[in-house]
């Protein structure tokens, strides 16, 4: 087969989960459920943050950004797969594949930057409460959020530009359900050492370094909490950090497990199932964690329900 630049390929074919015909319907149902919960949960968090003035704080600005990128990340990966399952085609155009790969890289990278910024926000709120309004003013918060998006989008562009010139070995069959960059590299028949180096550098910048910043922030937070004399004060401080810590563990745990998986013959099959967790489960659980663990969100929802004359029986469930 003659090598060709992958931009010359008009259509790519996904193998998806066709190797597992007995569980395809189950996978489709689970993915559809996860996607719907992701959409509803994250739209709910964004909406309630906008509607309730008490939630117009740095923490909820960052949380709204997290919800927004979770919607885009999940939509870029799951919605084409669900559409292909219904239509039975399992194909994607070059432009669609490139867009899907870029969105996946950009949203994942942005979250890697945004999570340590959220940890820093919690650090300032607990360790420097009197200076918090000055340090985390509106301008600073907007700059942090914009910087996170710019960093994620630029690193994704660098990775994309390193892959586009590569030549394929006449093969356009992707052993995945999405245009994941590692799955695309499996089709390349030229040396990919430069691309692998670029990806390694970006991975180090976006995984271990943010994790280190988060650990440092929470080390200071823990030290400050232990110095709080009242039990109520400690409980309140812990509650403001628990939800973020759960999201951090969920996100980085999944990301690291994808990078530290065993190098086996069927590693591509492992990649597909782990990508489902990364693209479906994590964005789905984020709004659930923040809603159930956050008293302010519950209070805001109660106010919204009362304002719109909803059934008081439903309000009592939130108590």
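Each residue, glycine too, has its Cβ placed from N, Cα and C.
The structure displayed is predicted, hence computed values, not measured ones.
What Swiss-Prot says about this protein:
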TOPO_DOM  1-25  topological domain 'Extracellular'
CARBOHYD  5  N-linked glycosylation site
TRANSMEM  26-46  transmembrane segment
TOPO_DOM  47-54  topological domain 'Cytoplasmic'
TRANSMEM  55-75  transmembrane segment
TOPO_DOM  76-99  topological domain 'Extracellular'
DISULFID  97-189  disulfide bond
TRANSMEM  100-120  transmembrane segment
TOPO_DOM  121-139  topological domain 'Cytoplasmic'
TRANSMEM  140-160  transmembrane segment
TOPO_DOM  161-197  topological domain 'Extracellular'
TRANSMEM  198-217  transmembrane segment
TOPO_DOM  218-237  topological domain 'Cytoplasmic'
TRANSMEM  238-258  transmembrane segment
TOPO_DOM  259-271  topological domain 'Extracellular'
TRANSMEM  272-292  transmembrane segment
TOPO_DOM  293-319  topological domain 'Cytoplasmic'
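Listed as Cβ neighbours of the transmembrane segment (26-46) (distance under 8 Å, sequence separation of 6 or more from its ends, same chain) are residues 17, 20, 63-64, 67-68, 70-71, 74-75, 78-79, 81-82, 85, 276, 280-281, 283-284, 286-288, 290-291, 297.
The transmembrane segment (55-75) makes no contact with the transmembrane segment (198-217), as judged by fewer than three Cβ pairs under 8 Å among residues 6 or more apart in sequence.
Beyond the ends of the topological domain 'Extracellular' (76-99), by six or more residues, the same chain brings 6-7, 9-16, 18, 24, 28, 31-32, 34-35, 107, 160, 164, 174, 177-179, 184, 275, 279-280 to within a C-beta distance below 8 angstroms of the stretch. Within its own chain, the topological domain 'Cytoplasmic' (47-54) is flanked in space by residues 60-61, 63-64, 296-297, 299-301, 303-304, which lie at least six positions past its ends and keep a Cβ under 8 Å from the stretch. Taken together, the residues in the topological domain 'Extracellular' (161-197) have a mean pLDDT of 83 on the 0 to 100 scale. For the disulfide-bonded residues shown (97, 189), fewest C-beta neighbours within 10 angstroms: 189.
Residue counts for the topological domain 'Cytoplasmic' (121-139) by DSSP state, with H, G and I taken as helix and E and B as strand, are 13 helix, 0 strand, 6 coil. Taking Cβ pairs closer than 8 Å, the topological domain 'Cytoplasmic' (218-237) reaches residues 119, 122-123, 126-127, 245 in its own chain, all 6 or more past its ends.
Counting residues of the topological domain 'Cytoplasmic' (218-237) by DSSP class, helix then strand then coil, yields 16 helix, 0 strand, 4 coil. Classification of residue 97 (disulfide bond) by DSSP places it within a helix. For the topological domain 'Cytoplasmic' (121-139), the residues of the chain that approach it from at least six positions outside its boundaries are 58-59, 62, 217-218, 220-221, 224-225, 237, 240-241, 244, judged by C-beta separation under 8 angstroms. In terms of DSSP secondary structure, the topological domain 'Extracellular' (161-197) contains 13 helix, 5 strand, 19 coil. Counting residue by residue with DSSP, the topological domain 'Cytoplasmic' (47-54) contains 7 helix, 0 strand, 1 coil.
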